[in-house]
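According to Swiss-Prot, the protein carries these features:
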| type | residues | note |
| --- | --- | --- |
| REGION | 1-55 | region 'Disordered' |
| COMPBIAS | 17-29 | compositional bias 'Low complexity' |
| DOMAIN | 51-125 | domain 'H15' |
| REGION | 115-233 | region 'Disordered' |
| COMPBIAS | 128-137 | compositional bias 'Basic and acidic residues' |
| COMPBIAS | 144-155 | compositional bias 'Basic and acidic residues' |
| COMPBIAS | 172-186 | compositional bias 'Basic residues' |
| COMPBIAS | 199-213 | compositional bias 'Basic residues' |
| COMPBIAS | 223-233 | compositional bias 'Basic residues' |
Amino acid sequence: MSDSAPEIETPVEEAPKAATPAKSPAKSPGRAKKAKKDGSDKPKKPKAIPTHPPVSEMVVNALKTLNEKGGSSVIAIKKFLVATYKVEIEKLLPFIKKFLKGAVLKGEVLQVKGTGASGSFKMPPPAKKVDKPEAAPKKKAPRPKREIEKKEKKVVAKKPKPAVEKKAAKPAAKKAVAKPAAKKAAAKPAAKEPAAKASPKKAAAKPKAKPTPKKSTAAKPKAAAKKPAKKSK
């Protein structure tokens, strides 16, 4: 048989794709920190309470107690602190040197020898107390004469005011008194009328004293008689 068999198409199988891993949700930074904290939480040791005073106080006490003329070295200070306070001196040594440097700059400690934290140190002499002179009471400055004169003038000018008021009040009283006096004056003329009537009696009595003119009349005829005698010559 010459007829060929029909060709059967075979499906081409595709290679399976590699499975991509599923993405894990991104962790927030806050959660990550919490996770770290949860893992690092360990019981903390309580801070040891120091059984000694501050370094500065211990060093000052050492220098005052040793009180060496040439100053105390750092070694001498260390020995004193160990004997007195029973401290771990190697741990405190950096703090001791730091305090000494700062105290020298401030003038709280004198450095007799050496430089920096090496050498010998001592306390400065106590400062002498200077007695402050008591403040003298302030004297009041004398006032100038002009001011005193002005004040006196003011006082003198103020005093006459009540006197003027009194004087002004007196005329009012006089006027009140003068009114009844006028009434009395008006009443007096009535009393003088009888005196006026009595005056004619005195006038009538005056003619009684007229004998003097008679003498003068008697003397005149004698003179007349003498004149004719001259004619006879």
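Yeah, the Cβs are placed from backbone N, Cα and C, and that goes for glycine too.
Helix, strand and coil counts under DSSP for the domain 'H15' (51-125) come to 42 helix, 9 strand, 24 coil.
Confidence annotation: the domain 'H15' (51-125) carries a mean pLDDT of 93 in the model.
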